[in-house]
Structure formats: structure tokens, C-alpha cells
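Visitor: Quick one: structure below, then a few questions.
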Amino acid sequence: MISSVLARFGPKVKKSQDESYYTAGQLALIKARFMRKTSGVVAGWVLASIIMVSFFAPFFAPIDPTIRGADTNYQRGAPQAFYFWDEQGISLRPFTYTYSKDKPKIDFMALAGSGGLAALDALTSSGALSSSAQNKYNIDEQQRRYVQFFVKGWEYSLIDFSIAGLNLDLRWDRHLFGVEQGEIHLMGTDQDGKDVFSRTLHAVWITVSIAVVALIVKLFTSLLVGGISGYFGGRVDAVLMSFTEAVRVIPSIPVYLACAVALSSMDLTAVQRYFAIAVVIGALDFATLGRRLRTHILTERNQDYVLAAQLCGSSSWRIIWRHLIPSFSSYIIVDTLINFPYVILAETSLSFLGLGLTEPVNSLGVLLQKAQDPDIQQNMIWQFFPVLVFVVLIMAFVFVGDALRDAADPYSEKK
Amino acid sequence: MIADFFTSTWLLWVLLSVAGFLFWRSRSSKYFLYVFNRYLLALMTLLIVSGIVFSLMEVLPGDCAEKYIAYKSSQGEMITQADIAAERSRMGLDRSLIVRWSSWITDLTLRGDLGFSCAKRQSVNIALGDRFWMSFGFCIAGLLFAYLIAVPFGILSAYMINKPWLDKNPKYNKKQRWINSIGLSFNKVLDLKLRMISYLGLALPNFLLALSIILLYVFAGEPVPTGLFSDQWSAEPWFAVSGFQYGKLTDFLSHIWLPIFVIGWAATALQLQTVRALVVDESNKLYVDAARARGVDGMSLWVGYPVRHSISPLFNSIGFDFQRIFNDLPIVAIVIGMTDSAALLIEALAMTNDQEMAAAILFLVALVVISMNFITDIVLAAVDPRVRNSVLG
């Protein structure tokens, strides 16, 4: 945007018409056009860094996000900020303060002594038993706790390459940052004492990987349906397309819901369930891409190169897979990338209803589900941090997808 | 006796007579041949939809007999496995899937009977009642909201970036072209803002938007406008002894904006993008240049050529927009606490496993989408010369 304004007023630069522009491949052209769009590039960097951080989430997260890492001394705790200075002076190393839990004062003697329901009534109505009163923390501003980098913590697997008996699990126990003693909760904790910041980092990767699995499944279904339907045409096409039309007409989220309910009656582990949901979301989402591919192949199958391949004795399968689909590959790639946010939204909505992934798993949908709780809305507003990350992630995906669509369109330069 | 037969199978006769009328006209008119083909296609799609929906519902755990038995055992009766089997054969649940599906279809086409809801213990038609019309109203209102905002602003957004001739026009001198280009940059900023809003609409899913609005109410300390009526009006009838109760109407209106706004939000964002892309695409076509060369200029050029031509694809997508809106409705219904058919659908799917109810709702939505697609197709073929030429050859 800014660069285009500057280019309007700046000195006129003559475009060098060198050879490389004309000999460049399709992907190089797309890349060059993409690089010209500032919003897309910025969103791309944001996206890449979010995904990098979430892929190495155990390294970037200071605390184990499972119940093992739950801090029982700091449940429902507010976020702890970094400080660089306070009344005692400036410190180059950032620090936070020590906290200690307030013991709720319940006068058992009064209850036992004067006895009766009146005292009990007064106790319950005073709010001392409510969960927010039970978890009051005193922050001791005299005792600093300095933040340290590359601290030792819980052991985690950095990358797991182990396939079929081979044990290539890279394990490490260093974390980017931590405090000397105790723990640091950048975004506070939930009611179990699990760190919201660490959970969110882990959740992003799980959500993105579900979307990847779903999109791969979707790609294969739509290539299969679109390819067969377009290549053979006629009656096969009519049957497959009316089936596609029927799938397109039924609202998808209720269908996902029915499949999720059916899955929940089976006895699946968390990982199997996770893949099953991804496969269901992917397999039912083939309609749009399948139709586009079919239209493309219908026009393309009368070309000379298809006839040549047929005369050479290629099988139909080989012609579809090696000749027809690659001629549409740039559109397929772009369409897949554009669909990323929608698949993530589908998973999130399912988990939000409590039927996708469920509580011990860290996925964005599970974390967003908590935003519905009035208690969290009023007393633990820091649990809305995952919502923020979610919106940023989806925005980044949408911007990158939009820039890519413009870049992949060969006529976009005329606009 | 015969009159009884006809009144109970009225739906079949309506379908057949429409088909017969279309077939009769199709022998003399190419247009009606197209409509007849579309009609048959729509009926076939409906059949496939019902098959998909019905087989999907089979994967839901539990069946009607088990629920009925569970209901009976909660009344204090002793139940054995043989009772369940007997109940199942009485309800016909031991027959094969195909047989049950075809009997469901015949019930539906002959009598318009959507089946029996196991959880509610009454016919689906009665249990659903006007709740489906309520959801339908919500979707239509959301659709209207989306179109009323998206179409003008999408056109505006496209109009703002699409004036490349302004700073190339030789009739302006250099100074005027400078001024024009400043104006163009300003327009581009406005366009960018509109696009940002629509991006936000895509990124913020409906349930998060509903939650944020509720959160704002919580912070402001106001009563949250969930549900359809506030407590004091929910029990009151629409018509009291003193006549129509306007208080109930205003209360209803003050609650209804939230679901409509939330439902329309994502659709608005998507439509804004679509309208903008369509108008930009159209305005670069040669016939616009040709019209400009003939001397058509300004608003009459803009409205008469690119905008007019980009409306028909938009009109064509109404059916799928309706489907997309209904798709989001269940989640919104849960967040806001509505009691329409979308909420009933979630209840039937996720809580009570009420297969026939869920199948009926899904089928009805598909029916609405298919008939909308059918109507838009035949209207477009009648109105738009480009579509007419492409489908009628």
C-alpha cells in the first residue's frame, strides 16, 4: 500500500525487461507476485513465527501444560508481568515477584461454639467459600525473582523421528525462559493451576496439525472424485456430481456433529479420536474443489496431449494422475492453503460444542470453550488469551491466502 | 373415501402435477425443457440427500426401542432383553436399512410425515412445529442483513479502487492528474478499511462474536440480551384480553437483533469479498471499455454495465448462503440460548441421540436450499440473457 503510494511520487524506475522474467517457472512467478504484496508478506512472517513457536512449544513454554505441570499453589492466578524497575531500583534482568497463597479464614470456633444454622448461613453468604475467595494471593514486592534464560526444566521430546522400532526421539530439558525458583505464569493459570500461556502454545500446534491432516484427506477425496468424474464424463459424471451436490447441500457442522457423536460411542484413545475427527472433517469437505477440478478436466480431456497419452497406451489412472491433475496444480495448492482457516474453524466449533477434542487435550477449540463460562468471563479474563491468539492466527491465514490467490491468478497484473 | 385418499397423499399429487405441467410445456418450449430437467434433478438430489441423512443417522448410537424401554424402566417396570427385541420388531427396527429408508420416503412423500421423535415421544411434525419457521426466519433475516450491507459496500469498495482512467485520462492536465491521484490514494485507504472489516468477519467466528458482545454487556453491568424474550414477557401471550401486546413485540425486537447480527456477520464479510471481486472482475471486461468508447460515462456506465452483470452470480448463490448461515446457527443458538430448530438439532444430535428428529431437520434444510437453488436457476435463465444462452444452447 505505502510502497505503491511512494512509487507514484518517487523517481520513475524503468523496469528491466531481462530474460529471467520470461523463462521463470510458474512457482517463481507466483512467488515474485506474492512478494510484491506487503500485507501478505507481513502476515506470512507472523504466521511462520506462530507456527514455529507452536511446533517447538515445549521449548518456548516455561511450564508443562499437562496436569503434571499444574501449579497447585497458584490456581486461578492472574498473569505475572515482567518488570525492569521498581522502587528498589533498575535491573537489567527482568524479574517478577514472589507470591504466597492466602489461607481463607474460617472461624470454626464460632461455628462450633454458638453453633446453629445462623453462623453457617453467615459463612456461606459472606462469600468466603467461593472459589475466587479461596484463591487469594499475596504478592510480596520485596522479594524479586529474576527471569533466567535456557533454564533446565521438565524433559520433553523436541522432535520425534522414531518410526517402526527405530528410536530417534530427540529429548531435551532446556526451556527458553523461566525463573529461579517457582514458576512464571505470563498469562495466568486456570482453575487447575495449568499455565494458560503454555497451553495456548501447545494448542496452536495441535489445531494446525489437525487442519493439515484434514486438508490432506480432503485433497485426496476431491482429486479422486473430481478426477474420475471429469475424465470419464457421461453417466459416471452425472452420478458422482449429483452425489457431490447432495453433500454440498447438507449443512456440514451438524454432519460433523453426528460423526463426532458416533465416534464418541466408540472406544478410542485421544490420539485416535483426534485423527478420526480430522479425517471426518476432511472427507466431507470435498465438494467445492472436486467440482472445480471436474470442470477443468472436462475441458482439458479433449486436448491433444491426452490423446497422445492414450495412443501410447497409458492407463486412465495414469493420465488423470500424471497429466491432467498436474495441469491444475497451482490452483489446487492455492485452494488448499485458502481453506486452512475454514478447516480450523470447523475443528474449533466442534470442540467448542464439547464434541471434538475434550479437556485434557490442549487444542484451541478446547481452550475457547472456556470463554463461555460466566465465571471465567467475570473473574478470569486472562483466559481469553487463547481467543486473541486464535484470531491472530486465522487473520494471518486469511491474509496469506488472499495474497496467494492474487499471486496465483495470471491475470492479476492487469488490475 | 376417495377424497380421504387424496387429502392424505396431497404432497405426492402436488409433486406429480408440477412435473406433469412442466413436461407438457417442455414439448413446445426449450425453456420449459430446461426447467423440467432441473426439476427432475432437484428431486433426485433430494432423494440422495435423504439417503445420506438417513444412513448418517444410523451411525448415531442407540435406537428408538432402547429409548422407549429406558423410558418405561424409569417408570418402574422390569425390563428384559426379550422386551427390547419385541419392541424393536414392533417398531420395525429389525428390518434392513433400505426397507426402513424407503418406508420413511413413502411416508414423507405421501403424507408429509417426517417420522416419530423418540426423545420427545411425539410426531416430529408436531415437535418441530413452528420452530423450523423460526429458524427459517432467522436465516432469512440474517441473509437480508448480509446482503443489505455487503452489496452496497462491496460495490463501493470496488468502485473506489477501480478508477484507473482518472489519472491516465488525457483530458486532465498534469496538475489535475496529481490531485486525482491523491484522491485515488485516499479511496484506496477507504477500500482497505472495508476489506479489513471483512477480514475480521472471516477471522472472528460467530460464537466468538456472540461471546464478545455478551462479555461487553457483562462489563457494562447490563442484563445480557440472551434468549428471545426477557423473563417478564416470556410467559405472556401475544394477544391478551386488552388486545395485542405491543410490549411483547418491542421486547422481542430488542432481543432479536443479537442473533440476526451475529448470524449475518460472517455472511456479510464473505459477501463483501465476493461482491467486490465480482464487480472488479466485470469492470475490467471489454464491453465496459466499449461502452466507455461509445460515450457512456459516470454513474450510468457503472450501474448499467459492471454492477448489473455481477448481480446474477450473486443471486445464484443465495441457496448456499442460506445453508452456510444455517450451518452456523446451532452454535450461535447455544451461545445465545435460543429455542429454535437449530437448538433442537444440537439437542437431538448431541444429547438425546434423537435420530428421526435430526434427520428431519437436516432434510428440511436441504429441501429449502435445493428449492432456493432451483428457483434462482430458473429465474436467472428467464432473466439473464447470458445464462439463457448458455443453458438453452
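Our numbering is plain: 1 for the first residue shown, then up by one each step along the chain.
Every residue, even glycine, has its Cβ placed from backbone N, Cα and C.
Sharing the features that TrEMBL gives for it:
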type	residues	note
DOMAIN	B:132-376	domain 'ABC transmembrane type-1'
TRANSMEM	B:6-24	transmembrane segment
TRANSMEM	B:36-57	transmembrane segment
TRANSMEM	B:132-161	transmembrane segment
TRANSMEM	B:197-220	transmembrane segment
TRANSMEM	B:252-270	transmembrane segment
TRANSMEM	B:329-351	transmembrane segment
TRANSMEM	B:357-383	transmembrane segment
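Give me the lay of the land around each of these features.
Guide: If you look at the transmembrane segment (B:132-161), the same-chain residues 6 or more away from its ends with a CB under 8 A from one of its CBs are 187-188, 190-191, 194-195, 256, 259-261, 263-264, 267-276, 279-280, 283, 302, 306-307, 314, 318, 321-322, 325-326, 329, 340-342, 361, 364, 368.
Long-range contacts of the transmembrane segment (B:197-220) within the same chain, counting only residues at least 6 positions beyond its ends with a Cβ under 8 Å from a Cβ of the stretch, are 226, 258, 262-263, 265-266, 268-270, 272-273, 328, 331-332, 334-336.
Sequence-distant neighbours of the transmembrane segment (B:252-270) (same chain, 6+ residues past either end, Cβ-Cβ under 8 Å): 138-139, 141-143, 145-146, 149-150, 197-202, 204-206, 209-210, 213, 225-230, 233, 321, 324-325, 328-329, 332-333, 336, 338.
The list of residues near the transmembrane segment (B:329-351) in space but at least 6 beyond its ends in sequence, with Cβ under 8 angstroms from a Cβ of it, reads 60, 117, 119, 127-128, 131-132, 134-135, 138-139, 206-207, 210-211, 214, 226-228, 258-259, 262-263, 357-358, 361-362, 364.
Below 8 angstroms of C-beta separation, residues 31, 34-35, 38-39, 42, 45-46, 49-50, 53-54, 56-57, 60, 114-115, 117-120, 124, 127-128, 132, 136, 312, 315-316, 318-320, 322-323, 326, 341, 344-345, 348-349, 391-392 of the same chain, each at least six residues beyond the ends of the transmembrane segment (B:357-383), sit close to that stretch.
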Visitor: Checking distant contacts: for the transmembrane segment (B:6-24), what same-chain residues at least six beyond its ends satisfy Cβ-Cβ under 8 A?
Guide: 32, 35-36, 39-40, 43, 108-112
